[in-house]
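Per Swiss-Prot, these features apply:
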| type | residues | note |
| --- | --- | --- |
| BINDING | 14, 174, 175, 176, 240, 241, 249, 255, 256, 272, 276 | ATP binding site |
| BINDING | 16 | Mg(2+) binding site |
| BINDING | 42 | K(+) binding site |
| BINDING | 55, 98, 249, 280 | L-methionine binding site |
| REGION | 98-108 | region 'Flexible loop' |
């Protein structure tokens with residue numbers, strides 16, 4: 001049976017992604033000086049204005065307006081005619097401390113208060129919020145990500161590369177990509193449709209943009225065997241994309257959660273990542289769920305695997321662990337879930353310890369996806385639990 005699936009990505013200059021990157025740049029700057037800081041940093045951007053807000057509890061000082069301007073400059077917004085200017089935009093900050101009502105549950109988990117866990121056992125911290133988190137992996141690509149989002153991210157990164165490298169100097173920072181993949185019997189066989197929308201200078205013609213993007217962006221990224229004469233390609237389908245960035249649309253942190261994860265191919269718990277320190281399970285437990293799912297697929301126990309975790313605020317142990325292999329598992333999903341419980345410690349402090357999350361590693365994942373990153377050595381992307389998973393599978 002044939003079916004189509006579509007995923008999108010955005011470039012680092014997309015207004016929402018500007019916000020994600022500033023949020024994580026602030027987080028990184030704080031973690032570099034104070035690894036145990038509590039950070040929840042949100043950003044909004046609009047024409048000529050950046051608003052940085054949130055709750056931060058830390059012993060250190062960081063220059064938030066400078067961090068915001070530096071991030072905007074790195075993205076490429078250096079002139080007002082691009083839609084934003086790092087040097088002339090206004091930066092407003094509104095920062096409070098973390099609520100003491102939240103802090104009391106994170107500082108000491110319910111289990112520790114009840115004497116079920118010692119204070120010094122992996123810090124004995126509770127989850128920073130309730131909620132459910134999903135992780136996913138599949139064998140469609142070398143990085144065990146779904147093909148549509150994998151290709152959409154690569155196209156978006158290529159847009160930034162040809163812009164910053166001067167290959168297509170008329171491009172500007174804002175842009176989006178979208179890829180529709182055709183599947184036969186659940187395996188990707190071809191790319192059905194590609195959409196690329198990229199901001200550009202007013203002088204360049206649509207025909208030139210179309211030809212250049214096909215030659216310098218699409219052809220180097222999409223595998224030749226995945227393109228055919230029936231593949232539909234749309235480049236700037238409105239015909240013009242000069243006004244972009246925060247001048248074209250306002251932006252907010254956490255508004256691209258599907259781009260950040262699996263492109264809609266797997267379920268999502270609803271929590272965003274950027275600007276949150278690792279005591280927030282929205283971030284750390286979603287990373288852990290990906291780590292679990294990827295190791296299960298890498299071990300060959302399934303072709304596809306989705307892991308759901310759930311937490312209560314102030315409680316360390318996950319309330320539930322669910323595994324779904326969509327009928328591709330070599331053993332029952334319930335048995336795989338038992339293996340997960342034996343192999344992975346999914347309490348927040350253990351996740352932070354095992355994935356070494358109290359480091360300034362977040363800004364670089366704030367654009368082009370948090371998962372399946374071939375360009376980064378991310379701890380949640382490692383497949384170092386394969387051997388122990390296979391050993392446990394033999395004993396079950």
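Glycine too: its Cβ is placed from the backbone N, Cα and C atoms.
In this record, ATP is bound by 14, 174, 175, 176, 240, 241, 249, 255, 256, 272, 276; the longest C-alpha to C-alpha distance in that set is 36 Å. Shown are the binding-site residues 42, 249; of these, the residue with the fewest other Cβ atoms within 10 Å is 249. The closest partner of residue 249 (ATP binding site) among the binding-site residues, by CA position, is 16; the full candidate set was 16, 42, 55, 280. Taking Cβ-Cβ distances under 8 Å and a sequence gap of 6 or more within the same chain, the neighbours of residue 16 (Mg(2+) binding site) are 10, 251, 252, 253, 255, 256. Looking at the region 'Flexible loop' (98-108) alone, the prediction's average pLDDT is 56.
Ranking the binding-site residues 14, 240, 256, 276 by how many other Cβ atoms lie within 10 angstroms of each Cβ puts 240 at the bottom. The most densely surrounded of the binding-site residues 55, 175, 280, judged by C-beta neighbours within 10 angstroms, is 175. Spatially, by CA atoms, the binding-site residues 42, 55, 280 include one closest to residue 175 (ATP binding site), and that is 42.
Here the CA atom of residue 42 (K(+) binding site) lies 14 Å from the CA atom of residue 280 (L-methionine binding site).
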